[in-house]
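Working notes, structure below.
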Amino acid sequence: MMMMDSGEKRLNELGYKQELRREMTLFKTLAISFSTMTLFTGITPLFGSSLQYAGPASLVWGWVVVSFFTWFVGIAMSEICSSFPTTGSLYFWAAHLAGPKWGPFASWCCAWLETIGLVAGIGTQAFAGSQVLQSIILLSTGTNKDGGYLTPKWLFLCMYIGLTIIWAVLNTFALEVIAYIDIISIWWQVVGGTVIVIMLPLVSLTTQSASYVFTHFEKAPEITGITSSAYAVVLSLLVSQYSLYGYDAAAHLTEETRGADKNGPIAILSSIGIISVFGWAYILALTFSIQDPKYLYDPSNETAGTFVPAQILYDAFYGRYQSGTGAIILLFIIWGSFFFGGLSITTSAARVVYALSRDGGVPFSSVWRKVHPTRKVPANAVWLCAAICILLGLPILKVNVVFTAITSIATIGWVGGYAVPIFARMVMKEENFKPGPFYLGKARRPICFVAFVWICYTCSVFLLPTLYPISWDTFNYAPVAVGIFLTLVMLWWVLDARRWFKGPVRNIDQGSEHDGIDVQNDNIDVHVRNRNGL
């Protein structure tokens, strides 16, 4: 008889039977987690705006500051992941850690924050990936100065939708396909990132001085409309705050990972460590290689002033070789990172929707909770996420700040979802917590406190206007979108869901109580299932 995996054993103790295929190794889980964070996908699209707000010093040192606080969040989440290795991850953690009284409400809030954050996260990858593809097409057809083709909005939207559909199609195949693609992803980014970080400064005819990179502070009020130095610094950190999350992807796959109570935390912390080092190196390579800071934003330059990293790459290679071919090749490497990142986020988003549907927390749960009988993947949940992502991108045709809004929604939802279980872990009684192999002991309260405060700060700054004066073209509509979404979710809770949503619903008949939460009785289980057509 085969010995039961430690992660499966803990899953059974929590009241869930093993339904998904548990064959992910630590390396595969790390690959997916790292691919979700990705080396290029956060830094590349926001590098130009962050550099413009306050100059290179704030951008470079901001990454260090954000990385420092990110470790607190990652450590706090690793302890919880070690104790609760379930696909439901964050919202499951919130339900158990908040106790029987507040558990259902905490679970409800966390689940919906995480869901909208992950679905919007797919959109950020599709949008930024389309931006890179737009630059590749422009440079490949002659540059903006030589009659190159700059894709119009309708074609940009088609690229956005196309990427989303490709990720959904790939996620309907067997999990092994996704896992191996993500192994390619981690090597693609590590090798490709190393090549870019080393090659770019070497190719550049001139490089910026260390004093410029590490100490130069410069606002651009004539462009951004921001005159306050403190405000400019806060906005310059957005690139780092947007880039340094997504490490919870390992937690979404714990029901498919061997030894998840140990390997889940290792994957989370390893992802943070790798991206912290490589991300800073990438920022330094781009900043040192700038030829003319003002020319980067000129609408008459080779990239039409649309994508600062593309212009930095072009200036470096054209200055050295009188050709932009090298820039196109490196842009393709960066585009690959967006492709892999979107694929991984689609995987994570579908797992969260599946887990929430399994517990009756999504309209028409009977549809979204279905697992393909042979491929063992939640295919319906995958396509639901893709459809919502496409709807989020439709304003591309009329609105110029779509990426700002989608990025803000993704960060607020995704990172905001982290805050609920971390706060619950901080205030709960220690005797109600069953620790896993990764346990913080007495250090858990100060670590959780720092993590919670940092998350609150991060969510707040993504609600701020990013350009002044505020108009329809510059308005960050994320506060409106998030506000409407949260209002609807809270109204649904108050008027209806609080009567039947009890958090995670067990599918194994266990004892009467576990980890401070009463097992849902048969009447509640039947009521939830009947309500959702199960």
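Note that the numbers count up from 1, one per residue, in the order the chain is shown.
Quick reminder: no glycine exception, Cβ is built from N, Cα and C everywhere.
These features come from TrEMBL:
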- 26-48: transmembrane segment (TRANSMEM)
- 60-93: transmembrane segment (TRANSMEM)
- 105-128: transmembrane segment (TRANSMEM)
- 154-174: transmembrane segment (TRANSMEM)
- 186-203: transmembrane segment (TRANSMEM)
- 223-245: transmembrane segment (TRANSMEM)
- 266-290: transmembrane segment (TRANSMEM)
- 327-356: transmembrane segment (TRANSMEM)
- 377-397: transmembrane segment (TRANSMEM)
- 403-427: transmembrane segment (TRANSMEM)
- 447-468: transmembrane segment (TRANSMEM)
- 474-495: transmembrane segment (TRANSMEM)
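Proximity of the transmembrane segment (105-128) to the transmembrane segment (377-397) is established through 3 or more Cβ-Cβ distances under 8 Å for residue pairs spaced 6 or more apart.
Just going by CB pairs under 8 A, the stretch in 154-174, 186-203, 327-356, 447-468 that sits most against the transmembrane segment (377-397) is 154-174. Between the transmembrane segment (154-174) and the transmembrane segment (223-245), the number of CB pairs under 8 angstroms, six or more residues apart, is fewer than three, so the stretches are not in contact. Contacts between the transmembrane segment (186-203) and the transmembrane segment (447-468): absent, as fewer than 3 C-beta pairs lie under 8 angstroms at sequence separation of six or more.
Contact between the transmembrane segment (266-290) and the transmembrane segment (447-468) is absent: fewer than three CB pairs lie under 8 Å, with pairs separated by 6 or more positions in sequence.
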